[in-house]
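Student: Below are the features I grabbed from TrEMBL:
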type	residues	note
DOMAIN	5-153	domain 'Phosphomannose isomerase type I catalytic'
BINDING	Q109, H111, E136, H275	Zn(2+) binding site
DOMAIN	169-256	domain 'Phosphomannose isomerase type I helical insertion'
ACT_SITE	R294	active site
DOMAIN	336-376	domain 'Phosphomannose isomerase type I C-terminal'
Amino acid sequence: LPPAVFPLSCVVQNYSWGKVGLESEVAKLVASGDPLAQIQPDQPYAELWMGAHPRGDALIRDNRIPQKTLGQWIADNPACLGAKVKDAFQGHLPFLFKVLSVSTALSVQAHPNKELAAKLHAQFPEHYPDANHKPEMAIALTPFEGMCGFRPVEEIVSFLQNVPELRALIGEVAAEQLERSGSDDPRGVSAALRVCFTRLMKSEKKFFVDQLNMLVKRISQEAAEGKDTSGSNGDLLLRLHSQYPGDIGCFTIYFLNVVRLEPGEAMFLGANEPHAYLHGDCVEIMACSDNTVRAGLTPKFIDVLTLCEMLNYTPAPSSSKVFPAAQSQLDPNVYLYDPPVPDFTIMRIEIPASIKLYLISAMDSASILLVIQGTAVGTSTAAASEMSLRRGSVLFISANESISLHLCSPDGMLLFRACCLL
């Protein structure tokens with residue numbers, strides 16, 4: 001039988017927002033996973049793609065396997081996905097697993113649900129390349145900062161009262177409508193929020209650039225005088241403006257929650273949830289899709305109308321955006337991040353130093369294993385030979401195959417395993 005467990009060499013994306021050289025977690029993982037890799041000190045290393053996406057199909061590092069890439073191998077061996085996954089997702093790996101290293105903010109964006117994705121793809125295939133939804137989940141590797149979902153109304157109202165430039169863009173009528181909307185009428189609140197956010201995002205370019213410049217000047221002066229600018233979210237405003245001067249996305253900080261994750265904490269981004277990653281390193285998993293509706297903090301195609309129409313205008317505190325991990329009932333070393341979509345689940349596996357032999361158990365789904373720290377020798381009846389695992393190693397594990405890890409490191413291991421639990 002051909003090997004069904006094998007190491008992968010994964011594609012790096014050098015997007016401009018990525019951390020540079022060995023400051024990047026992506027670059028560090030690549031450098032330790034592949035001793036021959038050359039890291040360019042001035043190049044951004046933004047994303048590591050672990051999967052079979054056509055724009056970043058992982059290479060198979062096992063010369064006994066005739067197929068060159070994971071995508072080709074799955075196409076020729078679809079049973080490797082597991083019976084349920086193969087049927088549910090038409091013979092394709094349903095997720096793309098990634099590591100992200102974010103230095104400057106990513107665009108303010110949301111991902112469509114399946115219904116809207118099909119419509120956008122039919123109308124604008126050049127901007128929306130497929131008909132799938134794209135839920136995502138990010139788990140922090142280092143302290144991680146992002147914006148996600150609409151803030152509680154009282155926070156937005158407080159900014160409308162403290163930031164006259166914001167109020168000018170939205171207009172007095174819309175601002176007062178939000179101020180008057182009561183918590184006893186959630187639909188009224190959402191309607192008022194939609195009007196305010198849409199007015200902001202559709203404001204005339206010259207007008208918002210003038211207001212933004214006034215705001216930045218005012219906050220810079222206040223900060224220089226040692227004043228507290230937190231009532232205007234001053235620190236974040238100046239940071240985003242330095243990254244994307246004159247961009248409407250700078251004003252979204254007054255509407256969206258800022259979520260700060262500690263390593264191991266996660267956020268789940270369902271359909272129509274506005275979000276933007278700001279800084280830090282994370283593992284991310286998403287449904288296999290490239291559908292992104294953008295509206296700011298980006299030089300890419302922006303589609304403000306679609307974004308404002310599709311968003312989920314339900315306010316909620318930032319604490320509600322932290323997605324909890326559940327310790328596995330079967331194995332206390334495993335923490336499950338199991339979101340409310342069928343496409344993917346992530347397991348965080350923390351093996352303490354006291355354990356010298358650990359079994360990566362078989363499951364009825366193909367999975368991808370990433371080593372974040374620690375070293376081990378892996379053996380499997382489905383692998384051609386023993387595999388040396390270290391920081392940055394990535395393995396593909398076919399459904400119903402297991403791996404024994406013989407740990408070599410004095411301080412245990414940290415692994416992430418992406419799979420599909422139907």
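Heads up, residue numbers simply count up from 1 along the chain you see.
The backbone N, Cα and C atoms fix where each Cβ goes, glycine too.
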Student: When you average the Cβ positions of Q109, H111, E136, H275 for the Zn(2+) site, which other residues in that chain have a Cβ within 8 Å of that mean position?
Tutor: A110, K134, L269, E273, P274, T292
Student: Taking 10 A as the limit, how many CB atoms besides its own sit near the CB of H275 (Zn(2+) binding site)?
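Tutor: The Cβ of H275 (Zn(2+) binding site) has 22 Cβ neighbours within 10 Å.
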Student: Are there residues of the same chain, six or more positions away from E136 (Zn(2+) binding site), whose CB falls under 8 angstroms from its CB, and which are they?
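Tutor: Those within reach of E136 (Zn(2+) binding site), by Cβ under 8 Å and sequence separation of 6 or more, are H111, F268, L269, E284, I285, M286, A287.
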Student: As a test of reading the model: what is the averaged pLDDT for the domain 'Phosphomannose isomerase type I catalytic' (5-153)?
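Tutor: Per the prediction, mean pLDDT sits at 96 for the domain 'Phosphomannose isomerase type I catalytic' (5-153).
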Student: Over the span of the domain 'Phosphomannose isomerase type I C-terminal' (336-376), count residues by DSSP class, listing helix, strand and coil in order.
Tutor: 0 helix, 21 strand, 20 coil
Student: Tell me which residues of the chain lie with their Cβ under 8 angstroms from that of R294 (active site), as long as they are six or more apart in sequence?
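Tutor: For R294 (active site), the qualifying residues are S107, V108, Q109, K300, F301, I302, D303, L307.
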Student: State the count of C-beta atoms found within 10 angstroms of the C-beta of Q109 (Zn(2+) binding site), not counting that atom itself.
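Tutor: Step by step: centre on the Cβ of Q109 (Zn(2+) binding site), count other Cβ atoms within 10 Å, giving 25.
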Student: Report, as a single number, how many Cβ atoms besides its own are within 10 Å of the Cβ of H111 (Zn(2+) binding site).
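Tutor: I count 25 other Cβ atoms within 10 Å of it.
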Student: Which residue counts does DSSP yield for the domain 'Phosphomannose isomerase type I helical insertion' (169-256) in the helix, strand and coil classes, in that order?
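Tutor: Summed over the domain 'Phosphomannose isomerase type I helical insertion' (169-256), the classes give 67 helix, 1 strand, 20 coil.
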Student: Please count the residues of the domain 'Phosphomannose isomerase type I catalytic' (5-153) that DSSP assigns to helix (H, G, I), strand (E, B) and coil.
Tutor: 40 helix, 46 strand, 63 coil
